[in-house]
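Asker: Sending over a structure as structure tokens; questions will come in a sec.
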Amino acid sequence: MDDASQNRPGRSSHIMTLDMALTYGAQASVLFLGLLAFIVALHYGRFLLAPMSLAVFIGLMLGPIATRLERIGVWPAVSAVVVVLIFIALVGGFLTAIAAPLTAWADRLPQIWNELQLQLSSLRQPLNTIKDLQEQIRSVTGGSSVTVAVKEDTTVENVAVLAPSLLAQLLIFFASLYFFVATRHETRAAILRLCFNRRLRWRVAHIFRDVENAVSDYLLSITIINIGLGIAVSIALWLLGVPSPALWGAMATLLNFVIYIGPAVMACVLLAVGLGTFDTLTASFLPPLTYLGLNAIEAQFVTPTVIGRRMTLNPFIVFLAIAFWLWMWGPIGGFIAIPALLTLYAVAGNIIPGIEPPAPARPRSRARPVVPHAPIEKAASPLARPSSPPIRPRPPD
């Protein structure tokens, strides 16, 4: 009886440990299945979710313009129309500016290809040696060559197939942008009314504030920085004698929104342009090297100075986010990868202790300075009695 009573506490603790392990395992399984279902939903719903998500982040960036208009008495529906028109004007002006030089370079593609072949003629000898070796191996093994015929689709057929989908996504994007900007205050108020206690309402309100501040400040700051980078690239390429420097500056501005991958693509494009423009390999490498130098200055000095160190995210996490969203939604995913990561940080900073939400690039309000160590004798105690007025002598009768 005594032995059984002594072994009972150890057995009960073992059962409790097993129950806790099963509970944590069940929670982890549910979390994994939920995450897997979320990824599958993102993948199969990309036709709707990709333009809607892009519209939300663009609306967060242009939301301060609508707020300024509403403060002077403009109706929210009208301010949303103004925001959509501003965005259309910006995108239309950008496309108009690059249309003519892009068409000219498209017409020069055969000539550029011939010049590239002349520049890379020094590599033909090793390739010919490899080809001769391959023919010798094929003659020894008795293998026969296989000819594969590829059916080439015409450009008209490709446009006819892609046009309805592209127009539908553009319609979804602009409709989502308008309704998000026009009803953002009502949407926030409706979500806050669903909170069942004051603490949850306070936390959700702070999540809304942090997400809006972080995303809008980041996108506005990065847009200004990328425009400055594009201007610097245009000037540098003009000094090097590269044709159409404004086109490559505009392309550098656009591709710099996709961190890591965009600059790599831009460097490859400038390398091809250099090989097709200049006569020597040394001069051909000057455009991509100049661009990479300007991009390094922007990434290491300008962006941390303008945005701040607290909004500088882990490079590995940033790379994983960009790779995930590019795999999920393509170019749209590459653009929204960093705003989505900032949103995740803002939500986690208000839920998980120890994680700070990303700080905005500029302060939203000017706080009064606080003296950290005030003298004790000058600080009023909340338990101290109020001082009585001084006793005045009674005037004589």
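Just so it is clear, glycine is given a Cβ too, placed from its N, Cα and C backbone atoms.
Pasting the relevant annotations from TrEMBL:
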- 21-42: transmembrane segment (TRANSMEM)
- 48-67: transmembrane segment (TRANSMEM)
- 74-100: transmembrane segment (TRANSMEM)
- 159-181: transmembrane segment (TRANSMEM)
- 218-240: transmembrane segment (TRANSMEM)
- 246-273: transmembrane segment (TRANSMEM)
- 311-329: transmembrane segment (TRANSMEM)
- 375-397: region 'Disordered' (REGION)
- 375-386: compositional bias 'Low complexity' (COMPBIAS)
- 387-397: compositional bias 'Pro residues' (COMPBIAS)
Asker: Grab the same-chain neighbours of the transmembrane segment (21-42) for me: Cβ-Cβ under 8 Å, and only residues 6 or more beyond its ends, written as numbers and ranges.
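Answerer: For the transmembrane segment (21-42), the far contacts come to 49, 328-329.
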Asker: Who are the chain neighbours of the transmembrane segment (159-181) in space, where the CB to CB distance is under 8 Å and they lie at least 6 residues beyond its ends?
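Answerer: For the transmembrane segment (159-181), the nonlocal Cβ contacts are 47-48, 50-52, 54-56, 58-59, 62-63, 66, 76, 79-81, 83-84, 87-88, 187.
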Asker: Between the stretches 48-67, 74-100, 311-329, which wins on the count of C-beta pairs under 8 angstroms to the transmembrane segment (218-240)?
Answerer: 48-67
